[in-house]
Amino acid sequence: MGIHGLAKLIADVAPSAIRENDIKSYFGRKVAIDASMSIYQFLIAVRQGGDVLQNEEGETTSLMGMFYRTIRMENGIKPVYVFDGKPPQLKSGELAKRSERRAEAEKQLQQAQEAGMEEEVEKFTKRLVKVTKQHNDECKHLLSLMGIPYLDAPSEAEASCAALAKAGKVYAAATEDMDCLTFGSPVLMRHLTASEAKKLPIQEFHLSRVLQELGLNQEQFVDLCILLGSDYCESIRGIGAKRAVDLIQKHKSIEEIVRRLDPSKYPVPENWLHKEAQQLFLEPEVVDPESVELKWSEPNEEELVKFMCGEKQFSEERIRSGVKRLSKSRQGSTQGRLDDFFKVTGSLSSAKRKEPEPKGPAKKKAKTGGAGKFRRGK
């Protein structure tokens, strides 16, 4: 879910924080991508007029989505995929709710199938989609053959994407989860891995502008996000987005808001874990950006054909064609961006951003199969 209603709220009260760009605008940019979110998008992709996300046996697969969306970034984008680690304990309540919703969707799917309601069948089938360890492992193997770096986050992928962006290792974090801003990513990109059929422009959300327009610091913004509703604790019933903004701007903290609220009108949840949620957002368990070395290498064409065609039964012609496009883009992206060498003034994206040094668990290193070093494609 991320943060409930945050994208709409920013569009309403801080529209200058949002930019829309064509993918060609990102030539030479390094971007940290939430891998699990991308895989989920590939698994629920609607295949209109073609079966590009299915193999010759008709099996839906995330591999072709990962292959083609990564190649789609042939305008010189340098992606690094970040995979989820162990979910934080605070998320257990949200995960339990998702299991309940999945069980209910299974019942509704069966009823829709018996009634022959095709649209309802598709809707409830999507609700049952879940990214598995096998999906992750196969996509990691594919990325290594493509020469694309990836890493395993110790916990939430979007938090580690944000850490990489804060440290300047990448230009932005790419995910659909708005809590990437709550974790402190200076720039959040949405729709980067969305289906081409949707024709969605890439949206950029700039945290510094959000804070400036709202008149908040990062700690107050975190409190606002908790009031809106997150994956990690309940929100206060009866407080909508506009009211939440007004309250945090006036009282500056959740603690002061709670002290002044009428409990009969706005009852605070019992055993409310807002302090734990604050700490999780401000000091998340993330990769240590300084230990991460990002390298992109040439794709291994023959091993890709062996894996994608021999094992997974995809068209060899499509795979070899894709490899050629990937190699061509790799050569182009090595030229670099002009603003990597010259400071560009008056540009939102080129503004220097000073972020606080990560503390405590934020310094934890990436989990990379026990090797202790960042794994990269060969």
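Note: Cβ is positioned from N, Cα and C throughout, glycine not excepted.
Binding of Mg(2+) 2 is attributed by Swiss-Prot to ASP177, ASP179, and within the candidate set ASP137, ASP152, ASP223, ASP231 the record adds ASP231 to that site. Swiss-Prot gives the label N6-acetyllysine to one of LYS354, LYS359, LYS373, namely LYS373. The record from Swiss-Prot ties ASP34, GLU156, GLU158 to Mg(2+) 1, and of the options ASP84, ASP246, ASP262 it ties ASP84 to that site too.
Segment annotation: Swiss-Prot labels region 'Interaction with PCNA' over residues 334-342 (candidates 289-297, 307-315, 334-342). A sphere of 10 angstroms centred on the C-beta of SER291 (phosphoserine) encloses 15 other C-beta atoms.
Cα distances from ARG190 (symmetric dimethylarginine) to the recorded positions ARG19, LYS78, ASP177, ASP179, SER253 are smallest for ASP177. Reduced to three states, the DSSP call for ASP179 (Mg(2+) 2 binding site) is helix. LYS78 (N6-acetyllysine) falls within a strand when secondary structure is assigned with DSSP.
Scoring each of the modified residues (SER185, SER253) by how many neighbouring Cβ atoms lie within 10 Å, the top position goes to SER185.
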